[in-house]
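Undergrad: Sharing a structure here in structure tokens format.
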Amino acid sequence: MTRATSHPVLIAPSLLAADFTRLAEEVEAIEAAGADWLHLDIMDGHFVPNISFGPAIVKALRPLTRMPFDVHLMISPADPYLAAFAEAGADLISLHPEAGPHLHRSFQTIRGLGKKAGVVLNPGTPVEVVAPVLDMLDLILVMSVNPGFGGQSFIESQLGKIAALRGMIDRSGRDIRLQVDGGVTARTAPMCIEAGADVLVAGTAVFGAPDRAAAVAAIRGPVGAARNIEDARA
Ligand code: DX5
Ligand code: ZN
């Protein structure tokens, strides 16, 4: 068992897989379906080979839901846009170490804006980048696909990275969430939870499902649901 403690399991649907002609209804539907956070994938066509949306969309959606906004920046440079996403309503801002030369400064900026900070590890990025900035972090995100597109297949070799990071977080004693993003489905989610993840991002598996509540429940799974009941009682 890699987990030293029990962590509630949160589900963060990625808006990237929503129907963009009906964004307001989509956000309200997944909140009603039991989603915990809204994951917002920001892509610039430079850091990743796709373009999604920017702070104006984040701002427009903010009044529609109480779900925390989990903003995943796949942009380079990220620093000039941190304030815009904070002002638009981000609760947590995550960025990739490859996005710029001053990772520590980026996290200082995010924290200075009063927001939570996350670091994102691509499948080819080693866990070692995390240690020097661990004290700045509220979240570590392990990419289980190469970023840029929804609907890709889960890369199982990332499970070892999740387990290694779970060990690092538990040894640190810090309150840091461990998130996984890419190809998360009812089939792959239990492996992520077992490895130590406690926030599961899912785009296609939630927005592509006819019954979003059933999809959220299936991804959380019986182990996640039991753990959340345990946590609520503690
Ligand atoms: C990929 C994004 C993911 C993606 C997940 O660059 O960071 O959040 O939208 O989509 P699925 O769950 O369909 O793999
Ligand atoms: Zn993402």
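One is the number of the first residue shown, and numbering goes on along the chain from there.
Cβ coordinates come from backbone N, Cα and C, glycine included.
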Undergrad: Based on TrEMBL, name the residue from Ser6, Ser14 that is recorded for the same substrate site as His72, Gly148, Phe149, Gly150, Gly151, Asp181, Gly182, Gly183.
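TA: Only hit among Ser6, Ser14 in TrEMBL's substrate site, alongside His72, Gly148, Phe149, Gly150, Gly151, Asp181, Gly182, Gly183: Ser14.
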Undergrad: Report, as a single number, how many Cβ atoms besides its own are within 10 Å of the Cβ of Asp41 (divalent metal cation binding site).
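TA: There are 24 of them.
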Undergrad: If you measure His72 (divalent metal cation binding site) to Ser14 (substrate binding site) at Cα, how many Å is it?
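TA: Just about 10 Å between their Cα atoms.
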Undergrad: Compute the centroid of the Cβ atoms of His39, Asp41, His72, Asp181, then list the same-chain residues not in that set whose Cβ lies within 8 Å of it, in sequence order, for the divalent metal cation site.
TA: Ala12, Ser14, Leu16, Leu40, Asp70, Ser94, Leu141, Val201, Gly203
Undergrad: Just the binding-site residues from Asp41, Gly150, Asp181, Gly183 whose C-beta lies under 6 Å from any atom of ligand 2, please, or none if there are none.
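TA: Once distances to ligand 2 are taken from each Cβ, Asp41, Asp181 fall under 6 Å.
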Undergrad: Looking at the binding-site residues Gly148, Gly150, Gly183, which sits with the largest number of other Cβ atoms within 10 Å of its Cβ?
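TA: Compared across Gly148, Gly150, Gly183, the most Cβ atoms within 10 Å surround Gly183.
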